[in-house]
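Engineer: Supplied in structure tokens, the structure appears directly below.
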Amino acid sequence: NPYAGLVSRLRAAWLWGRTRPMEYRVGQLEALGRFLDEKKQDILEATALDMGKPSFEAHFTEILLCKNHLNNTLNNLCHWMKDECVDKNLVTQLDSAFIRKDPYGVVLIIAPWNYPIHLLLVPLIGAIAAGNCVIIKPSEITKNTERLVAEMLSCYLDNDCFAVVTAGVQETTRLLENKFDYIFFTGTPSVGRIVMAAAAKHLTPLTLELGGKNPCYVSDTCDVQNTARRVAWGRFFNAGQTCVAPDYVLCSVEMQEKLMPALREAITEFFGSNPQESPDFGRIVGDKQFRRIRALLCSGRVAIGGQTDEKERYIAPTVLADVLPSDPIMQEEIFGPILPIVVVANMDEAIDFINARPRPLAIYAFSCDSKVVNQVLERTSSGGFCGNDTLMHTTLTSLPFGGIGNSGLGKYHGRFTFDTFTHHRGCLHRNMGLETLNALRYPPYSQQKLGLLTATFEIKRKGMCTLL
């Protein structure tokens with residue numbers, strides 16, 4: 001295997017204990033911060049070349065949010081790493097019981113192309129903080145960003161413990177043949193199944209950050225203008241190439257008629273009368289992706305936008321009205337700047353529509369009535385939820401981010417990233433003396449011993465509690 005030597009080299013460094021001291025982890029994290037600061041312009045230029053990512057969007061997602069995760073980790077790492085004391089029973093009162101935060105070992109992070117720096121570095125921050133050695137594989141689809149990471153990141157990190165692998169599908173398949181102690185994958189459900197099957201051969205634990213069709217219910221009791229702006233921003237940010245973007249709108253026919261002019265106004269406000277000329281609207285990442293998304297325009301009727309330019313890989317911010325559940329655009333995640341609207345009679349029908357489909361990465365609900373938003377939250381299931389806005393829940397390091405069911409397995413962001421890459425090791429350190437206390441559990445057994453054992457080990461149920 002072409003990667004066996006690399007994995008062995010990193011494993012040797014981990015077994016030696018090189019990545020375990022807190023000072024080492026802090027040093028490597030601070031080096032990541034210098035990479036973001038010193039290569040900021042290179043990152044902006046690479047993402048612009050790869051997918052026409054506007055400088056504002058790249059700075060916000062690839063630089064600022066990464067720095068937030070980094071600084072949050074540096075601010076809290078000392079506390080996160082500490083042994084966690086736990087409750088003890090009567091027999092172990094004089095002993096030490098705690099949870100030790102151990103690194104897994106050698107971990108693999110496979111990143112996607114849509115946020116090629118953010119979705120690579122945020123899990124890497126947690127993996128380093130937890131004390132692991134790491135192999136990272138940036139996406140081969142965003143060539144310029146891949147080259148930047150491969151050539152520059154090694155100048156900042158310890159090459160004995162961290163490595164960048166540039167690989168296509170065949171090479172990644174060979175990479176996955178190696179035994180890793182943890183795998184973190186962000187991508188599509190179809191590829192996620194392949195990664196999970198490879199991990200199963202070595203019984204390797206993993207996190208799968210996948211995607212899905214994120215529903216957005218818009219009730220009749222919403223502020224139409226604000227809703228249109230927030231939905232349009234979330235759908236067309238990064239030219240729609242965001243895993244948590246609202247994938248389709250569910251609303252009544254009356255709300256569809258109100259929403260349409262408000263969406264048109266918001267799109268014009270954001271990108272001008274000709275979004276193709278706007279410096280604030282990105283492009284589709286590749287020809288294959290462009291052709292797939294363009295083919296989805298046949299669903300429903302084009303109410304706004306619909307223009308395309310294959311040479312530029314440009315697809316206008318588009319809204320499709322009167323889309324049917326059976327239309328092609330409702331059969332797959334769009335991952336592009338198209339927003340279909342599906343008409344439902346009411347909130348109950350919208351909830352039934354959502355629950356009849358695989359559980360998504362995010363659900364959005366808009367209403368001036370908080371009871372409506374809470375109903376959607378309580379009666380559905382998804383990786384995350386955001387009421388009266390889109391995408392913004394992902395900016396909080398205090399909230400876990402991850403999918404459920406078809407949209408993923410596991411969670412990260414902030415403390416949750418550290419925990420994801422940490423083995424929580426249950427430890428009990430007993431006193432060598434006081435052997436008389438242990439006689440209760442030794443043969444020969446008796447009913448008297450069992451009674452005394454029950455009295456010392458039993459956990460009794462407390463009074464009932466009520467959730468407020």
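Using the three backbone atoms N, Cα and C, a Cβ is placed for every residue, glycine included.
Just so you know, TrEMBL annotations never went through curation; they're auto-generated.
Not my notes, these are from TrEMBL:
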| type | residues | note |
| --- | --- | --- |
| ACT_SITE | E209 | active site |
| ACT_SITE | C243 | active site |
| DOMAIN | 19-423 | domain 'Aldehyde dehydrogenase' |
Engineer: State the Cα to Cα distance, in Å, between E209 (active site) and C243 (active site), rounded to an integer.
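Structural biologist: Counting only the Cα atoms, the answer is 9 Å.
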Engineer: With an 8 Å cut-off on Cβ-Cβ distance and a minimum sequence separation of at least 6, pull the same-chain contacts of C243 (active site), or say none.
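Structural biologist: Listed in sequence order: N114, T186, E209, L210, G211, F335, L361.
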Engineer: Quick one: give me the count of other CB atoms within 10 A of the CB of E209 (active site).
Structural biologist: 26
